[in-house]
Amino acid sequence: MEHIRTPKVENVHMIDRLTPRKSTVGTLYLSSTHTIFVENSEARKETWVLHSLVYNVERFPTNPSGSPLIIRCKNFHVYRLLIPQERDCLDVLASLTRLSRPECYGELFCFSFNPNLDKELREKAWGFIDLKAEFNRMGIPSNLWHVTAANHEYRASICRSSQPLSGFSARSSDDEQMLQAIMKSNPISEFMYVVDTRPKLNAMANRAAGKGYENEDHYTNIKLQFIGIENIHVMRNSQQKLIDVGELAAPSMSDFLWGLENSGWLKHIKAVLDAGVFIAKAVAEDGVSVLVHCSDGWDRTAQACSVASVLLDPYYRTIKGLMVLIEKDWVSFGHKFSHRYAHLDGDPKEVSPVMDQFLECVWQLMQQFPCAFEFNERFLIQLHTHIYSCQYGNFIGNCQKERRDLRLQERTHSLWPHLWENRAEYTNPLYRTDHSQTQGVLKPLTTAYCFKFWKGMYGRAEKSVASHQSPADCLNAVREESQQLEEELSAHQERLAQLKEKKTSGGRKKTNKLSERVRRPIPTESKLSSPLDYFTTTRSEKHTPSFTLPLELAAPPKNGDPDDLSTCSDFESGVADLSSRSSFFFFFFFTCNSEKI
Amino acid sequence: MEFAELIKTPRVDGVVLHRPFMPTVEGTLCLTGHHLILSSRQDNTEELWLLHANIDSIEKRFVGSLGTIIVKCKDLRVIQLDIPGMEECLNIASSIEALSTLDSVSLMYPFFYRPLFEVIEDGWQLFVPEEAFKDLESMTDEWRLSEVNKDFSVCPSYPSLLTVPKDIDDESLCKAASFRHGGRFPVLSYYHKKNGMVMMRAAQPLTGTNGRRCKEDEKLINATLCAGKRGYIIDTRTIAVAQQAKARGGGFEQEANYPQWRRIHKAIERSNVLQEGLIKLVEACNDQSHSMDRWLSKLEASNWQSNVKEILTTACLAAQCIDREGASVLVHGTEGTDSTLQVTSLAQIILDPACRTIRGFEALIEREWLQAGHPFQQRCAQSAYSNGKPRSEAPVFLLFLDCVWQILRQFPCSFQFNENFLIMLFEHAYASQFGTFLGNSVAERLKLLLSQKTVSLWSWVNRPQELERFLNPLYEPNNLVIWPSVAPQSLLLWEGVFLRWNRSTKCLDEAYQEMVHIIEYNKELQNKVNSLRRQLAQLETEDGPLQTP
């Protein structure tokens, strides 16, 4: 609490840059864990922003209407505030800057987050994902080796490691023998692949530092394959450029496409997916074992192996399966979560969107195989948020040992049971366990035109640029209704049988009133209500489901954004509602400033 | 018969056909007057029937005596025929070339096609201006149907009946026509029932360099304004392009002469630029070896997505003026037959829920495209593979369909039709057995006697058996105005057209089937529950008197 210089500021404007008339006035509160904005409107709508999700806070010069402050979040939400007094703005800035950069693990939200579970439930929750059970599921230990379900006819396997310390000439006979053993464990192939996920040039450069890659002359029967995934620094810069594209004020189509190309982001996503496809193909089609490594073995290697696993094994395309995969390939294999996702104030060079890229690969696959995944886009976005949020203990620390030392299982809660309980929200209506797409290996196309900009993830900088109302949400509503109908049907059938029986036996019994016909909630297409100002070459128009924290999400946008129910009533109002002149002014103000950035 | 002269070799055996995502077929190639046919004469192999009119261009290659013809179609498909024998190959190639570029419209397939189905509802009689006017009359009495163009002499590209303000007589219309490019004086395009505002369309005014004016034209459009209200003129060209038009006798409305109107310039590209864009886009889509950078930069360079964005934005603007500003709108570009129609028809889809039904959309195409004089035959003579010099070809209609698809994707429950319906319209606009898209205007169509000599596309589409494929299972009628997003990230490449032949759609088709399945199951349940409810209700009323309180 000592970091909070001012706990409450009144008459703060929350600016909507694209539709200024949707800007609101309210009170800003700072708690030890959240920034909370409460609208003055009757609805008193609250927006909660977790401090640990704040990526940065930026202040702009004070102008006659107040001091503007922008809060950017690690899940790509952006909040634009206008604070009446400069002094308050400075206080908020200083407080948030400090609060969003915890210096030690003890300050993280997960250690104070208490969802009112008793001790027993909490412990049980931590046992929700059990890796031993997972290895059993994969059929390990078997006589020969561990085997994934997808390639049971073969005996090929995927192994992972870090780079060998070969330098220019060093060799290790133990390492050579171990690879030989892996190779031999697969009786049907006479060689194995060693996949180095780095660009060859980077791998060669590593040799000067006494590291590098396997010398094919020293290892018998290996084939070395470089894949060319760039390092964490390149990825960090690339994502930043992508985020900038999302934040452009009124970009033209050319600005957008050029920005997308210039960021290189989709190129990198393609490289990760290509790596996964190569490995999956080697294992499933050629029956060849694969050893995967990069430099350290916890970033690119984890990406490549987990993408390959998703392609190979339908289990990892289920809700529980993806949790298991993350627990296995990322958490237990020592992915440096706290470094990569900047949980603590630390070296910015350690930060990189490694998991973001894995999740995006899965999303890209969902575009090609709409029936293959049990979960939906919302599930991936939720996972992404929690990898950064520090609300649950699952992703705290940089390796298993650190996690044990922090006694996370005793002191924090696990995310997995929470997601599992709410799985109805995360279910893909098109998924059916007996569908052909849920069987066997996925063989995606990785031609450049197959990759899309992930609007649901990166198009959230503006509150009003939104994802569309999706067919999936309509279908979920239909399925829900079908379920109710099924129940009603069997109730009616029972009643009918009863009546008929009574009739023949002459008995009489008062009946309950029949339930009203179940009515499918007609999906409101929320954009209906408010046009943009198409006069200026503006762009976009509608609300994202506002993912306010804490992450007991605001109602899932089944019926469109709840916000928009209110805007339906202003359906008759004029276009650019200029009644609040000041907000129109802010709109210009922010537009000008962000262009300077 | 003329065709026989063009067919040098009517049939060749041992021809191998390669098609995207289908096994190769070996069989006999036959050329008829209108079709290229490949038949393997095996029972369960699909034959190829390709309309010559669908062929955009061909390429020949030879390896020894084996010739190969690459056939590039207007629907963007590319197929390959391996033909043994150099002479046969050359003959086939030159025949295809001749048959696919016939000059005379009356030799086109629609004049020879005899439907294998019974025409129950004649599409030619389905959308007549008199009917549309009856609807208008029920809402307002400020408009009349004018016969001033009954012999097409006032404006050759307009239909014979036009809806104009009641207070403007035919003589004034003629004068206004002489002041507008091609005689296209301002006429009613859409009446917004909610607030009585209207959208009109026209061609550019012929102000020329010395600022000519026309009192009748001014009076005509002012007659559509309510007292004290202002209107908007949406010029689809940039101010620079509109200025340049003055030198060629065209121009735009001067503020001084139209004080009640505010003019807004947008930047929809001219048709020859659009054609180049289409060619570049399809080239980029067909090269699978592109790196990500190259693909994105080619996509950008084609400007296709920019065009979609600009057209859609302009349509939204028109809709916004009408619905939100409560103002009437006049839309025009240069000729008033291309970008103007894109804007007026898209604005109606945004504003009017009726246009989002199948019948309503067909009516919209009739009104705003066919009867409004979009020169389909000129614009759709060639598609993305044309290697000749473009004359007046341009994908104006395809861009319109692309924009509709973008709105459909953003409002998946608001349209009665699905993507397949739009793709079907694209195909038939370029090559068809039906006469609907032949000719460039109502006058030309009458002269060709299309309604007597050919079958209308609508006669076929509206049969329940055909319609089924085009129905959107998610449709829930929605009476609101739908405001699409025009942000670049909200506009996607229309894969259903541009990547259709480049990647298998198996998984996406399966997803669609799954969706249909979920909804059909729901309907089935509803029917069952309803019938049980009725049974129960009946049983219980029968029992009623016996029931004890």
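Note: Cβ is positioned from N, Cα and C throughout, glycine not excepted.
Whatever TrEMBL says is automated annotation, not expert-curated.
Annotated features in TrEMBL:
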- A:CYS294: active site, phosphocysteine intermediate (ACT_SITE)
- A:ASN231, A:ILE232, A:CYS294, A:SER295, A:ASP296, A:GLY297, A:TRP298, A:ASP299, A:ARG300: substrate binding site (BINDING)
- A:155-458: domain 'Myotubularin phosphatase' (DOMAIN)
- A:499-530: region 'Disordered' (REGION)
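Positions of TrEMBL features highlighted on the structure.
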residue: A:ASN231; record: substrate binding site; DSSP class: coil
residue: A:CYS294; record: active site, phosphocysteine intermediate; DSSP class: coil
residue: A:ARG300; record: substrate binding site; DSSP class: helix
Report task. In whole Å, note down how far the CA of A:ASN231 (substrate binding site) lies from the CA of A:CYS294 (active site, phosphocysteine intermediate). Result -> 9
Report task. Identify, in sequence order, the recorded positions in A:ASN231, A:CYS294, A:ASP296, A:TRP298, A:ARG300 that approach chain B with a C-beta to C-beta distance under 8 Å; the answer is 'none' if none do. Result -> none
Query raised in the report: Across the listed substrate-binding residues, A:ASN231, A:ILE232, A:CYS294, A:SER295, A:ASP296, A:GLY297, A:TRP298, A:ASP299, A:ARG300, what is the farthest Cα to Cα distance, given in whole Å?
Result: 12
Query raised in the report: Can you tell which of the recorded positions (A:CYS294, A:ASP296, A:ARG300) has the fewest other C-beta atoms within 10 angstroms of its C-beta?
Result: A:ASP296
Report summary line: Same-chain, non-site residues whose Cβ lies within 8 A of the A:ASN231, A:ILE232, A:CYS294, A:SER295, A:ASP296, A:GLY297, A:TRP298, A:ASP299, A:ARG300 Cβ center for substrate are A:SER162, A:THR197, A:ARG198, A:THR301
Report summary line: By a 10 Å Cβ neighbour count, the lowest-scoring of the binding-site residues A:ASN231, A:TRP298 is A:ASN231
